[in-house]
Amino acid sequence: MFTGFAWNPLGVTLLPTGIAIAATVIGTYGLGALTILASGALLLALRRDYRPAAALAAPLVLLALWGNFAPAPPTPPGAPRVRIVQPNIGQDQKYSVENEVANFRKLAALSGPPRPAPRLIFWPEAAIPAYLDMEPGWRARLASLLGPGDLLMTGADKVYFKPVEQDGFITQKLAGANNSVWIVTPDAQLLGRYSKAHLVPYGEYLPMRSILEPIGLSRLVPGDADFWPGPGPQSLPLPATLGRPDLKMGVQICYEIIFSGQVIDRANRPSFLFNPSNDAWFGSWGPVQHLAQARLRALEEGIPIIRSTPTGVSAIIDARGHVTHALGLNRAGFLDSGLPPALPPTLFARVGNWAAFAVMALLIGLAIAMPRSKS
């Protein structure tokens, strides 16, 4: 309802085990079915029905062996360089006008000086309080941090205005906004933009505004205007330069990453996914759970994921869902690394959740066919 909130599906419980490798075939919802299968095997074992328990457990053991021994592709020495910035800016500081300069200086310092090799620099969701397509001064400030070939990926809103008449004059009133990620070049140009498609109901927009606003519920969303959804998954081109190859970047902002099978443009597969987020809203448990679900998307799609958050957990996730680098909660810092390579498209990447539905149908069929004791 209202775009959904698929937080912590049952299959995430298998992520610490090798069985999670099955997500490359049946996805997270299929892992949920395997979790039920494992519970059934345990129940049968407790009842001393060892033969059917072993029959249920055998495929899980094989999956665990496959998962534990399946190698992750190594990051080659010449891989594109990435820097992920985590400024440790809390919600109480983020939207404060008096902290704007200090916040920018922190982001700038953690981005570091330009290097000989081109870098991909990643800042969190809504990292700066600027409208980059309307404020060339802000673009120049960002470009001053970049060396030749560098690209900066940062969160910043895109706003829309509508003309309204007031006291006989035409003025511009805020009509709506996109929660966006922009690509900024060293010459202060905007190379591309992605806008969030899965919006948080009551947080980024007010559902049924025309009904709820008259009864005083408009305060459930910040500001007077809603965020508007973008078109959905797309791959943004990052042109080759100074030894860096052509890349394609997919973007999923904040909780968009939790939607299994809905995170990439399948007709134009990206080289990696960027998942900027603002997990400072969610205490100490939410960020860790959010990271776990991002790991599942990497595993399902066979694509590395870059996460940048203001207060943690920022991370680099390889195409097998392993966290190769991370910055913990409430720490300021940065991560420097080569970009992990993508794997060939997994079966899940090709068919989506259809394989999971097939597994669930098979399990239901087995349950119906299984002989029952007369007692």
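Including glycine, each Cβ sits where the backbone N, Cα and C put it.
TrEMBL entries are annotated by machine, without manual review.
Values in this document were obtained by computation on a predicted structure and should not be read as measured data.
The transmembrane segment annotation in TrEMBL covers 20-46 (among others). Residues 9-14, 52-54, 56-57, 59-60, 63, 66-67, 70, 260-261, 296, 299-300, 302, 320-321, 346-348, 352-353, 355-356, 359-360, 363 of the same chain, all 6+ positions outside the transmembrane segment (20-46), place their C-beta atoms under 8 angstroms from a C-beta of that stretch.
According to TrEMBL, the transmembrane segment annotation covers 53-71 (among others).
The domain 'CN hydrolase' feature in TrEMBL is assigned to 85-341.
The transmembrane segment feature in TrEMBL is assigned to 351-370 (among others).
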Cβ-Cβ under 8 Å with the transmembrane segment (351-370): same-chain residues at least 6 beyond its ends:
25-27, 29-30, 33-34, 36-37, 52, 260-261
Can you check how the pLDDT averages out over the domain 'CN hydrolase' (85-341)?
91
